[in-house]
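Visitor: Quick one: the structure is below, questions incoming.
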Amino acid sequence: MTKFVTLRRPDDWHLHLRDGEMLRAVASYSSHFGRAIIMPNLVPPVVTGAQASAYRDRITAALGQKMTLRPLMTLYLTESTDPADVVAAHAAGIISAVKLYPAGATTNSASGVRDFDKVRGVLDAMAEAGIPLCFHGEVTDPAIDIFDREAVFIDRVLDPIRRATPGLKVVMEHITTSDGAEYVSANDNIGATITTHHLVINRNHILAGGIRPHYYCLPVAKRETHRLALRRAATSGDARFFLGTDSAPHPDRAKESACGCAGCFTAPNTMSILAHVFEEDGALDRLEGFTSLNGAAFYGMAANDDTIRLVKRDVPAEYPSHIPAGDETVTVFDPGFPLYWHVEDPA
Ligand code: DOR
Ligand code: ZN
């Protein structure tokens with residue numbers, strides 16, 4: 001029997017599109033999304049309104065005229081970010097949010113924040129202007145085990161900042177633990193993105209039976225109990241939880257190396273995987289909230305006007321295992337099961 005689900009066009013509230021040749025290679029794979037929050041961790045990072053505006057133009061050019069995706073830009077917060085530039089870029093409609101990377105937490109985070117007191121002025125100005133702060137929520141203290149870094153971040157950094165700046169609207173990006181899900185569902189003025197891959201893999205997928213670099217991302221996938229907590233949060237209908245794929249393409253050469261970098265490239269098959277996951281959990285009726293309604297409401301935007309349709313067929317959806325990017329290839333995330341849900345996009 002053929003099954004259908006019609007959804008308001010989904011949005012991706014956390015996406016890496018990169019720049020140059022990689023941008024041109026990956027942009028079209030996100031084109032069935034209405035809007036996407038674009039991460040600013042380029043080399044060098046996007047730190048001023050003028051840079052965000054120029055980057056947006058490069059993305060729009062790479063997307064071409066047929067594609068509907070609207071890039072929502074962010075600034076990369078540094079210890080020398082000027083509060084006035086942030087507020088002006090937001091007032092001019094150039095940026096939708098600011099991203100905070102603790103220095104050293106992940107890919108291209110070297111210019112991130114070491115001393116959180118140094119960004120207090122920017123955070124106060126953002127609270128005042130209603131600009132959301134997107135957090136990479138992991139401590140970088142080498143004494144903290146990598147599997148505990150999200151939970152420790154909540155106690156040491158996130159909660160104190162939220163108490164010091166109560167009006168600040170915060171998104172805890174790509175939560176990976178029950179601690180993250182519980183903190184978000186117990187508080188207001190906070191939302192959380194959940195990635196597609198963290199709903200599918202746990203740490204065994206990365207490490208048992210051989211190291212699988214294409215499942216390595218940050219925050220790293222945790223044990224199974226945490227994956228199940230994320231599934232419950234995503235399918236709960238709680239509007240604080242919404243999709244941010246964190247689709248993060250890297251050349252295979254850089255991932256399949258003695259020191260492989262973090263990131264899963266999920267843009268090409270995300271919606272098919274999510275339909276599978278939500279159906280498996282008996283929550284297909286809540287998929288639209290997660291992908292198309294909750295994030296927009298959090299950011300104070302209307303849901304997209306148009307729709308896409310997901311159709312479950314007897315034959316699996318086809319997607320490439322790799323895509324070319326200049327002289328490189330990028331591996332597409334393999335969920336480990338066939339995807340019978342196909343995306344039909346009238347646009
Ligand atoms: O896995 C990740 N990849 N996590 C991040 O926080 C950054 C991202 C990237 O830019 O590659
Ligand atoms: Zn990311």
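Here the Cβ of each residue, glycine as well, is placed from N, Cα and C on the backbone.
From TrEMBL, here are the annotated features:
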ACT_SITE  Asp246  active site
BINDING   His14, His16, Lys99, Asp246  Zn(2+) 1 binding site
BINDING   His16, Leu17, Arg18, Asn41, His136, Leu218, His250, Ala262  substrate binding site
BINDING   Lys99, His136, His174  Zn(2+) 2 binding site
DOMAIN    12-302  domain 'Amidohydrolase-related'
MOD_RES   Lys99  N6-carboxylysine
Visitor: According to DSSP, which of helix, strand or coil covers His14 (Zn(2+) 1 binding site)?
Guide: strand
Visitor: Which binding-site residues out of His14, Leu17, Asn41, Lys99, His174 lie by ligand 1, going by a Cβ under 6 Å?
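Guide: Within range of ligand 1: Asn41.
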Visitor: From Leu17, Lys99, Leu218, Asp246, Ala262, which recorded positions have a C-beta atom under 6 Å away from some atom of ligand 2?
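Guide: Near ligand 2, sequence order: Asp246.
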Visitor: Give me the sequence-ordered set of same-chain residues, not including Lys99, His136, His174, with a C-beta within 8 angstroms of the centroid of the Zn(2+) 2 site's C-beta atoms.
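Guide: Nearby residues not in the site list: His14, Met39, Leu100, Tyr101, Thr106, Cys134, Phe135, Gly137, Glu173, Asp246.
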Visitor: Can you name the binding-site residues among Leu17, Arg18, Leu218 whose CA is within 10 A of the CA of His174 (Zn(2+) 2 binding site)?
Guide: Leu218
Visitor: Can you tell which of the recorded positions His14, His16, Lys99, Asp246 lies nearest to Leu218 (substrate binding site) in space, using Cα positions?
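Guide: Ranked by Cα distance from Leu218 (substrate binding site), first place goes to Asp246.
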Visitor: So if I measure Cβ to Cβ from His136 (substrate binding site) and keep only same-chain residues at least 6 apart in sequence, which ones fall under 8 Å?
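Guide: Spatial neighbours, sequence-distant, of His136 (substrate binding site): Lys99, Leu100, Tyr101, Pro102, Ala105, Thr106, Ser109, Gly112, Glu173, His174, Leu218.
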Visitor: Relative to the Cα of Asn41 (substrate binding site), which of the recorded positions His14, His16, Asp246 have a Cα no more than 10 Å away?
Guide: His16
Visitor: Measuring Cα to Cα, how many angstrom lie between His14 (Zn(2+) 1 binding site) and Asp246 (active site)?
Guide: 5
Visitor: A 10 Å Cβ contact count, applied to the binding-site residues Leu17, Leu218, Ala262: which residue has the minimum?
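Guide: Per-residue Cβ counts within 10 Å for the binding-site residues Leu17, Leu218, Ala262 bottom out at Ala262.
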